[in-house]
Number of protein chains: 2
Amino acid sequence: MQFSLAFIAEIESAIQNHQFELIQNKISQINDADIAKLLSNLSLNEQLTLIEYLPNAAYIFEFLSIEQQLQIAEHLNTPLLVKILSEMHSDDRTDLFKQLNYKLQQQVSQYLSPEIQQDILQLAKYPEESAGAIMSSDYVALPPNLNMVEAIEQIRTQAKERETLYLIYVIDQDKKLLGVVSLRQIILAEPQQKIVEIMSRDLIVGYSDEDQESIAEKLSYYDFIALPIVDENNQLLGIVTYDDAMDIAKEEATEDFLKSSAMSSGHVSIKSAPILYLYQKRVFWLVILVFGSLLSGFGIAHFEDIISANIVLVFFLPLLVGSGGNAGSQSATLMVRALAIGDVELKDWLYLIGRESLVGLCLGGTMALAVSVLGYFRGDAMVALVLAISMMGIVLLGCLIGMSLPFILNRLKLDPASASAPLVTSICDATGVIVYLCIASLLL
Amino acid sequence: MQFSLAFIAEIESAIQNHQFELIQNKISQINDADIAKLLSNLSLNEQLTLIEYLPNAAYIFEFLSIEQQLQIAEHLNTPLLVKILSEMHSDDRTDLFKQLNYKLQQQVSQYLSPEIQQDILQLAKYPEESAGAIMSSDYVALPPNLNMVEAIEQIRTQAKERETLYLIYVIDQDKKLLGVVSLRQIILAEPQQKIVEIMSRDLIVGYSDEDQESIAEKLSYYDFIALPIVDENNQLLGIVTYDDAMDIAKEEATEDFLKSSAMSSGHVSIKSAPILYLYQKRVFWLVILVFGSLLSGFGIAHFEDIISANIVLVFFLPLLVGSGGNAGSQSATLMVRALAIGDVELKDWLYLIGRESLVGLCLGGTMALAVSVLGYFRGDAMVALVLAISMMGIVLLGCLIGMSLPFILNRLKLDPASASAPLVTSICDATGVIVYLCIASLLL
C-alpha cells in the first residue's frame, strides 16, 4: 500500500492538533504492516506521539527495521516501552532488547515481569544466526491426552500473543516433543478423538545450535508454517515460523550477492550505512585482488621482449584475458548457486568437469572464431592464429577453473560463495596472460 | 531427512517382492516431502510400482520436480494418472497438465471431471510468471452472514483438497471479495458472532496479471499465509500461498545471480541441462563483452607510443584496470540488490552519488597508497606518482559508473540485474585504460 502525500499530511496535522479519534478512524482499517510504513513517513516526534495512541503498537513495532525500533525505543517514556516490549513476540522482543544500550536495558528490566526477563535471558544466550537466536517461545503446546473439545478450549486460552495457532506441539510433562498436530486436523477430527490418536509422530525438527540457513531450508522444503526447535534431549525450546524463513532466505541471498562481488558479508544498506563501514566491507577484497592482478603483471613482465617486438599483442590483451575471466566467473556462479541450493554434491565433480569441458570448447570455439577475424584485420594471418588458439585455451581453462574453485573451497570447508567470482577472475586473468604470451612467443 | 542406503535397499527388495504391507508400515510415518525424496532414489519401474500403492500419491507428486512428474506421468496407466491429477492441488495440476504431450492431454482429459477440465482451462490461460499462472483455486470461501458454528461446519465440508483453511475469504453471490477472516479469529470469536462482524476489510490483494515477484514480495512483506488474487472487478479468482512465495523468491534470486554473471535468465541446472542449452545461455553475453573489451583495446592502440617507450606501464595495466572493474562491480552489486529489495528509489540517486564519491575516495586513497609503493620499487618516484593518481581516479570513476548504471537501466525500464556487473566491468576497464595512459602521457 502506498500512502498519498495528502493522506500523510492529514495524519500529520491530526497529530499536531491532537485529534486522536480522527486518526483512529483513519487507520482502524489499515494493516499493521502498512501502519509501520506510514510511521516511517513521519518525523520522530510525530512517531512518538502516534505510538502512544496505537492500541497494538507492539505488533506494528515488529514491522519496523531494527534501526527504527531502536531510535523510537530510546525516546519513548519507560512505561510505554515496557508495555510494548511485554506485548511483542518473544523473538522480536529479544532482538530489540539485545540492541538497547546498557542503561536502557537496566531501566526497562526492573519493570518487566519475571517470566519475560527469564525468556529474554534464555533466548539471548544463543549465538547469532543460530536457530536459537531467531526462534520464538510463543508456541501453543498441549498434552497428548486431550480430546478435540478440550484442545480447542486450551488453544483459545493460550492464543493471545502466540505466533501461530495452526501448528500445535504435543509435549509430555518434561516438555519432550511427542508429536505435532495442525489446527486443520483438529477442526476435521471427531470431537471425542484424542490428540494422541491424530497427531503426527514423524517429527521434522531443528536444533537450537543449527544454522538459520538450514532451518529456512527445512521450512521451505517441507512447506511448513512453523518448525519446532529442540535441544539434544528433544525438549521443545521454541518455534521458527515461515515468515522468518522468508526473511532469512532474503538475507542469505543478499549476503551471497555481496560475496559474489568481493564484499565481506553482513547487513549493508548503501543508503544508511556509515561511509566508513561501507569502506571496511569493500576494501579488504579489493586489496587482496590487487595482489591477484600482480600475478598478471609478473606474467607480462616475463614476456616484455615479445610485447615490445609485437606491440599489437597489447591491443588484444584485455579482450583475451577478460574473456577467460568472464567465462570463468559464469562457471563459478553456476557452481556456487548449484552448491547453495543443493543441486550438486562433491561426488558429481568429475561428471561436471566433463560436461563443463564440452561447454567450454563450444564457447571457446565461438569466441576464437570471432577474435581471429579481428586479428586478421588488425594484424595478419599469424596473429589471427595466435589469437584463436589462445582464446580457445583461455576460455576452456577459465571454465574449468571457475567450476573447480567453488568445489575446492567447499572441500576445505570454506564458504564457496565467498569471493569465488573475483578470485576466479584474478586467477583466470593471470592464466590468460601466460597462455596468450606463451603461444605468441612460440608462434611469432 | 536422509535415507540410509540400507533403508533404500529394503524398500527396493520389498517392491520387487510385492510386500506392500511391509512398505506401508515402513513409510506410514514418513512425511510426504520425504517420500518424494525416497522416490527420487528409486528406478523408474520401482517408482511406478510404488506409486500405485501410495494412498496420497497426488500430494507426494507435488514435491517432485516437474521433470520427474512428467517422466512418471508418461509411464503411468491412464486411470491412475487421472486419479492423481484429480487429487492434486489446482496450481500444481495445471503446471503438470500444461507440460504433458498433446496425445496424453487428450487421453487424460476425457476422464477428468468437467469441473476439473474447466479449472485447468481457466488457470492455463494466464501468462508465465503472472499471479494467474501460479495461483490455486483451492481456497475456502464463505458468505458474510454465517455465524461461527456455521462457518466451522462449512469449513469442515470444504476442507478436502484446500490449500489452506487458515485464511478464509468472504465473498458475495457474485464472487466479489468482501473481506478476509482467519481461522484464528474464528476460533477465538464467540459462537454466535457473524463473519461480517469479525472479518477484516483492509484487503491486500494481488491481480491475476501481476508479476509473480511482486506477489511474493507482498506475501513476505505482510507475513501472510496466503494472498487472494482478484480480477479488475474484484472477483476472487484464486490464492497464492506462502510456500509458493518461498519458491518464487528462490527462483528469482537464482535468476538475479545468473544475470549478475552475464548469463541469460531462465532455469539452468548445470547437472542436467543439455550442453547446447548451457552454451546458448552463456555465449550471448560473452560475445557482447568481447566487443566491450575492444574499447580497452582501442584505448591501448591510441597510446601505443607511450607504452613502447615505457614498457613498465604494461606491468601495472591489469592491476589498475582490474581495480576499477572490481570497485565498480561492487558498487553495481550493492545498487542492484538495493533496488531489488526496495531499499533505494530513483529519487535517492543524487544523495547516493555523493555518498559513493566519499566511499570511492577512501577506497581509491588506500589502493593508491598500496600501488605507489609497488611503483616506486619497480619504477621510480614519477611512476609511483602516475600510478597513485591513476588509481585514485580509476577507482572513483569505477564506483560512480557502478552506482549509476543500474539506475540508468532502471530508468530505461530495463532490468538492472541484467548483466550490470559485467557491463560495468567492461566500461570501467576501458575508462581505466584511458585514464591511466592519459595521465602517463602527461607526466612521463
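Quick reminder: no glycine exception, Cβ is built from N, Cα and C everywhere.
Automated prediction, rather than curation, is the source of TrEMBL annotations.
According to TrEMBL, the domain 'CBS' annotation covers A:135-198, A:199-255. Residues annotated as transmembrane segment in TrEMBL: A:283-301, A:307-327, A:357-377, A:383-409, A:421-443.
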Intrachain residues whose Cβ lies under 8 Å of the transmembrane segment (A:383-409), provided they are six or more past its termini: 310, 312, 316, 320-321, 323-332, 334-336, 339, 346, 349, 352-353, 356-357, 359-361, 363-365, 367-369, 371-376, 415-416, 418, 420, 423-424, 427-428, 431-432, 435-436, 439-440, 443-444
Taken over the domain 'CBS' (A:135-198), the model's mean pLDDT: 92
Secondary structure content, the domain 'CBS' (A:199-255) (per DSSP, counts of residues): 25 helix, 16 strand, 16 coil
Folded-back contacts onto the transmembrane segment (A:283-301), same chain, C-beta under 8 angstroms, at least six residues removed: 262-264, 307, 321, 419, 422-423, 426-427, 429-430, 432-434, 437
Long-range environment of the transmembrane segment (A:307-327) - Cβ separation under 8 angstroms, sequence gap at least 6: 296, 300, 360, 363-364, 367, 371, 374-375, 378-379, 383, 387, 390-391, 394-395, 397-399, 402, 424-426, 428-429, 431-433, 436-437, 440, 444
DSSP helix/strand/coil residue counts for the domain 'CBS' (A:135-198): 21 helix, 17 strand, 26 coil
